[in-house]
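K.L.:
Copied straight from TrEMBL:
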type	residues	note
REGION	1-21	region 'Disordered'
TRANSMEM	42-65	transmembrane segment
DOMAIN	42-451	domain 'Major facilitator superfamily (MFS) profile'
TRANSMEM	110-130	transmembrane segment
TRANSMEM	137-157	transmembrane segment
TRANSMEM	198-220	transmembrane segment
TRANSMEM	226-247	transmembrane segment
TRANSMEM	289-309	transmembrane segment
TRANSMEM	329-346	transmembrane segment
TRANSMEM	366-385	transmembrane segment
TRANSMEM	391-412	transmembrane segment
TRANSMEM	424-444	transmembrane segment
């Protein structure tokens with residue numbers, strides 16, 4: 001199969017058909033063991049990096065519920081009375097000494113969406129810089145910057161809405177470089193037939209970070225106060241940065257403890273993958289139809305993903321009327337399912353390609369189809385179930401879980417079509433895919449039913 005991006009190296013060799021196994025004609029070293037390997041150690045460290053990344057991103061979604069004066073919400077007439085307040089855990093004595101703010105629903109929407117105004121700016125620059133200097137430092141300092149800014153969230157909230165929105169936008173600037181940087185690193189580390197496994201492991205950290213941070217944020221808000229949410233995750237981010245800088249190498253050639261067998265395996269498998277062209281072929285990239293197909297898929301998927309990521313806690317509180325502790329736990333359940341699905345789909349995708357000789361394009365299409373249609377069906381269905389709490393949580397969980405298939409679909413297709421420029425391609429697609437995060441919370445907040 002020829003590279004879909006003219007002028008770039010083909011990711012699967014120069015073949016007439018994509019029905020043959022990946023790189024069948026290219027000489028390859030024997031596959032290196034997985035256990036204790038440098039490439040899987042990188043995947044694990046990246047996993048924890050994206051765990052921290054999403055914990056820093058979503059903690060505000062839960063904390064905001066406790067930051068806003070309930071009288072403001074009532075005065076704004078946004079909390080639905082259609083569903084009965086069923087919680088019994090309100091009898092538990094809770095400590096809540098955090099300051100409350102008079103922010104209406106529209107203001108909350110702008111606060112939640114402000115992160116993406118910074119996030120969208122650094123996507124393409126991040127991919128370009130990573131392709132030139134590597135992704136290790138870019139990813140590390142991106143998460144470090146976000147962690148440091150998170151520590152200042154309580155101060156920014158006291159200074160006013162404008163300061164908080166500005167701070168969240170700065171956090172977005174830091175996080176915007178992370179995914180392109182990681183893609184750039186994997187272009188040098190991931191053997192073609194292990195891409196689905198390695199990338200699904202590393203990016204699954206984002207889902208587990210959501211799973212842990214949502215209930216933990218709720219517990220902290222319930223028993224302490226919301227300011228500690230930002231202090232805890234900010235400190236964890238700084239600790240991760242130290243480990244990342246200490247333990248990770250940019251490429252297999254610069255890794256100090258990698259085995260000779262593994263280094264040869266990685267380098268030989270990527271020998272015919274990477275381009276020797278130093279300048280970025282911007283025109284062929286922008287004319288690539290496969291790239292724009294990924295843009296459409298990425299944008300569509302993120303509309304659902306970001307809407308739930310930022311507003312699921314609000315839905316749990318204002319519509320289903322769970323308290324802040326239950327809210328965090330139940331909001332995390334869907335992302336636990338997605339985390340499991342990402343891990344398993346990565347294993348399945350590479351197994352189908354390596355053992356069953358499924359073409360890469362077939363695997364990517366099927367997994368993307370399942371990960372797009374499934375979530376849409378169950379999310380729409382969730383809008384018609386009324387106040388059935390169990391069914392609401394079940395449908396949202398199934399919807400988000402099925403979305404995990406996309407991690408082995410379009411999400412890593414950048415590495416298939418142009419591995420040398422994967423970071424730049426991801427930066428382009430993620431720029432468009434960030435738009436739902438910018439406008440979704442504002443639109444959804446404005447559509448919250450008045451009861």
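Cβ coordinates come from backbone N, Cα and C, glycine included.
Keep in mind that this is a model prediction, so the values were computed, not measured.
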K.L.:
For the transmembrane segment (366-385), what are the same-chain contacts with Cβ under 8 Å, counting residues 6+ beyond its ends?
P.N.:
297, 300-301, 304, 308, 345, 349, 391-392, 395-396, 398-400, 402-410
K.L.:
With pairs closer than 6 in sequence left out, are the transmembrane segment (42-65) and the transmembrane segment (226-247) joined by 3 or more CB pairs under 8 Å?
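P.N.:
Answer yes: the transmembrane segment (226-247) meets the transmembrane segment (42-65) with 3 or more Cβ pairs below 8 Å.
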K.L.:
Do at least three CB pairs under 8 A connect the transmembrane segment (289-309) and the transmembrane segment (137-157), leaving out pairs fewer than 6 apart in sequence?
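P.N.:
Not in contact, no.
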K.L.:
Along the domain 'Major facilitator superfamily (MFS) profile' (42-451), what average pLDDT does this model show?
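P.N.:
Residues in the domain 'Major facilitator superfamily (MFS) profile' (42-451) carry a mean pLDDT of 88 in this prediction.
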K.L.:
Take a look at 42-65, 289-309, 391-412, 424-444 and tell me which one has the most Cβ pairs under 8 Å to the transmembrane segment (198-220).
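P.N.:
If we count Cβ pairs closer than 8 Å to the transmembrane segment (198-220), 42-65 scores highest.
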K.L.:
Where else in the chain does the transmembrane segment (42-65) make close Cβ contacts, counting only residues six or more beyond its ends and a cut-off under 8 Å?
P.N.:
108, 111-112, 115, 139, 143, 146-147, 150, 153, 168, 171, 175, 178, 182, 185, 189, 198, 201-210, 212-214, 217-218, 221, 226, 229-230, 233-234, 236-237, 240, 243-244, 247-248, 309-314, 317, 324, 327-328, 331
K.L.:
Are there residues at least six beyond either end of the transmembrane segment (391-412) with Cβ under 8 Å to its Cβ atoms? List them, or say none.
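P.N.:
Result: 195-196, 199-200, 203-204, 207, 293-294, 297-298, 301, 304-305, 308, 312, 320, 330, 333-335, 337-342, 345-346, 348-349, 363-372, 374-379, 381-382, 385.
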K.L.:
Below 8 angstroms Cβ to Cβ, which residues of this chain, lying six or more residues outside the transmembrane segment (329-346), approach it?
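P.N.:
For the transmembrane segment (329-346), the sequence-distant neighbours (Cβ-Cβ under 8 Å, at least 6 residues beyond its ends) are 61-62, 196-201, 203-204, 207-208, 210-215, 218, 308, 312-313, 316, 322, 367, 393, 396-405, 407-408.
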